[in-house]
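Undergrad: Copied straight from TrEMBL:
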- A:6-37: transmembrane segment (TRANSMEM)
- A:82-100: transmembrane segment (TRANSMEM)
- A:112-137: transmembrane segment (TRANSMEM)
- A:157-180: transmembrane segment (TRANSMEM)
- A:192-214: transmembrane segment (TRANSMEM)
- A:226-247: transmembrane segment (TRANSMEM)
- A:259-280: transmembrane segment (TRANSMEM)
- A:300-323: transmembrane segment (TRANSMEM)
Ligand code: HDD
Ligand code: HEM
Ligand code: HEM
């Protein structure tokens, strides 16, 4: 058998989306937490903690979208019209929060506006991403290589639930990031928030996980039939493990542990969704192989990706390394 | 307001609106990134503080413009799917990998080093910092290369076949990337970005020369900008001419519309300088024309025959009036830029480059000219490709998503409101930053020996970062 290019690409795209979710997740989370930190000085530090890296984090979203167009054009052209409203809302949210990084320092009188843009934009983007996830999980009707539903089909109680789940999940990532990167009262408050959002995140994961199998018969089968049912045991156990590390890290004042444990939670949640989805690209009818571009497209981009993604990871790590350690409250070029 | 419009027209308006906003920022940031790299290189080489001061001044402006470019660009990459899903499904196998390479080779590079460039000088030291600045500039050029390969392939498709599902499938990547119009479009666009930036920098320098605020810095940037104008403007005109000849070969209908040739001219076509295109009657009213010149320019022969739009079925013609005008606006600005360049050269020779108020006023006036020319050029290119999205292969009406008109209308209204608010505010902040050359970011330091002294004790690795909260540019 030849190399299964569509499968490899599905794995790469999944990796890009996961990288996006955990990386932009924490900087969106910092934005979501803005309203809880009314003091200007705290907000300056919070923003400076993510300012050097947010653009790189968001580039994974462009890779996820652009990559989908390149290697699964059919999936791209079905999913985007189906999720039209949440995608547009996400883009608008990202505009507001993205420009706030610069605008906020350019005006005294208008600063409150860009504080709101940063917080509101981050919340809108996170919530829309959650809704998009929910709408994808609940399935998209396809006829003749095109989306066959109406333009508000994405709106269901389930997708609203996933919207809130992502919102609290990102808030957890943001607060654990702040524990790691800041000091003093700001870090104390982040601990307080992290302790609460981690319970909320676990609850949200539980609700969504219990709900999912009842949306599509395939998911039910996947989770309760041998051999895939092993995952139904393993994943929750690992989730509990991460959760314990998270709580003990927050309580025990180990600064990096909560963030890493929260990343673990996200990876597990993502793996859970992946297990439900496989082998579909657009549940419940379009598989990875239906959606794939011809092999000539897949192999052309794969050569570059195998070579470039490791390089990207190296200089991304370098960029994080340059800005390692606690944020110095007096620093920043602003 | 939108009842009479169908989803296709709304989606076209939306694409044109968002991409037109987007291109304004790259046109500036491609040029400015290179300018920053040059400034930092000059600083490292000559150790003259004036270059570092200019670097810091333009760096802040760059950060604001770049941020706007990023957020408007992300909208673009999703817009292909939301509004043009049939196009995406069919053309994705060919253009998708090119855009994938743009992300992998350019966007990550820019984003990865941008943080270091903006915030990292005192953490990594001057040499590595220069590397970061260079990488950002290099990234913008790589980005332009890939995206223009994509756009050029849509203009002059090559190297592809079709499969049963109706998708374009790649057969020869070399031919796809180096499609017939790509080298011309890339050259012309990169030069356009450099010219645009040169005229912005020149306008800011000239404005401060007129106000006499910080003579040394404004003189340096004005002089650098005017060198760019005098060198790049003529090259751009030659590149544009070559681009036009290439278009005549591959998209003759577009050239007919640009030239306003409704009729065929069997023995030498006139060059129509100005006139009012009358689409209903298919002629140019009040035309001011020079006989046979068009044949001379396009065919290098006074009497060469040139076909006109009368040889093309009506439903395959692009809208003539728009292209006719946008082309003239671009070319007019191109010659005006050349004029400023020559004028500055003359003043330079006479030794009045720093003191000629009229030259400075003209340069201020020309500050936004590059943006207008870039938009006019893209409108010529894109509207001239109609009614196709992939020239000769896929019609625009067959590219559209199955999304209801009200959804497109609602999102269009949202984009219009948000873009004007957000990018309007950004433009305001940029203009204010430009105005604050002398007093901010170093209110207590003036040009001259005092400033130099203040910096020597700070040490080179700290330059631009030692000002703490006094540095905040409010
Ligand atoms: C990668 C491809 C690509 C690139 C780089 C551009 N365009 Fe484009 N453009 C399209 C791909 C496209 C398209 C998807 O093919 C559209 C959408 C509808 C259409 O007919 O073509 C289009 C339409 C379109 C229209 C509407 C034409 C009409 O409907 O009559 C305008 C005015 C522009 N574009 C302007 C621009 C500008 C200012 C660009 C500078 C960045 C630009 N385009 C780059
Ligand atoms: C219509 C097609 C286009 C699409 C889909 C598109 C897409 C994008 C995206 C997604 C970004 C943000 C990348 C990031 O996260 O850093 C971006 C930025 C950028 N784009 Fe475009 N773009 C288009 C047209 C162009 C053109 C025609 C050029 C240049 C000739 C260009 C040059 C750039 C550059 C240099 C950037 C970096 C950010 C900046 O300079 O402000 N783009 N583009
Ligand atoms: C006077 C000299 C100029 C000539 C003869 C010229 C010619 C052309 C032609 C023929 C096209 C259309 C090509 C096609 O679609 O096939 C074009 C496009 C364009 N022009 Fe110009 N141009 C000139 C000056 C300028 C200037 C000064 C700028 C900007 C500063 C500029 C920016 C552009 C841009 C951005 C495009 C669209 C991208 C492209 O197709 O290259 N042009 N030009």
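Keep in mind that glycine also has a Cβ here, set from the backbone N, Cα and C atoms.
Can you walk me through where each of these features ends up in the structure?
TA: Sequence-distant contacts of the transmembrane segment (A:6-37) (same chain, six or more residues past either end, CB-CB distance under 8 Å): 43, 46-47, 49-50, 53-54, 56-58, 60-61, 63-64, 67-68, 71-72, 97, 115, 118-119, 121-123, 125-126, 129, 167, 169-178, 186, 189-190, 193, 259, 263, 266-267, 270, 274, 281, 288-289, 291-292, 298, 302, 305, 309.
Sequence-distant contacts of the transmembrane segment (A:82-100) (same chain, six or more residues past either end, CB-CB distance under 8 Å): 28, 31, 54, 58, 114-115, 117-118, 120-129, 131-132, 135-136, 140, 147, 149, 151-154.
Beyond the transmembrane segment (A:112-137), the same-chain residues lying 6 or more positions past its ends with a Cβ under 8 Å from any Cβ of the stretch are 21, 25, 28-32, 34-35, 43, 47, 79, 82-83, 86-87, 89-90, 92-101, 103-104, 153-156, 158-167, 170, 208, 212, 215, 273, 276-277, 282-283.
Within its own chain, the transmembrane segment (A:157-180) has Cβ neighbours under 8 Å at 22, 25-33, 46, 49-50, 122-123, 126-135, 137-138, 186-187, 190-191, 193-194, 197-198, 200-201, 204-205, 207-208, 211, 215, 246, 250, 255-256, 258-259, 261-263, 265-266, 269, counting only residues six or more beyond its boundaries.
Within its own chain, the transmembrane segment (A:226-247) is flanked in space by residues 176, 194-195, 198, 202, 205, 257-258, 260-262, 264-265, 268-269, 271-272, 275, which lie at least six positions past its ends and keep a Cβ under 8 Å from the stretch.
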Undergrad: Near the transmembrane segment (A:300-323), which same-chain residues lie under 8 Å Cβ to Cβ, leaving out any that are not at least 6 residues past its ends?
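TA: Beyond its ends, the transmembrane segment (A:300-323) has Cβ neighbours at 5, 8-9, 12, 52-53, 56, 67, 70-71.
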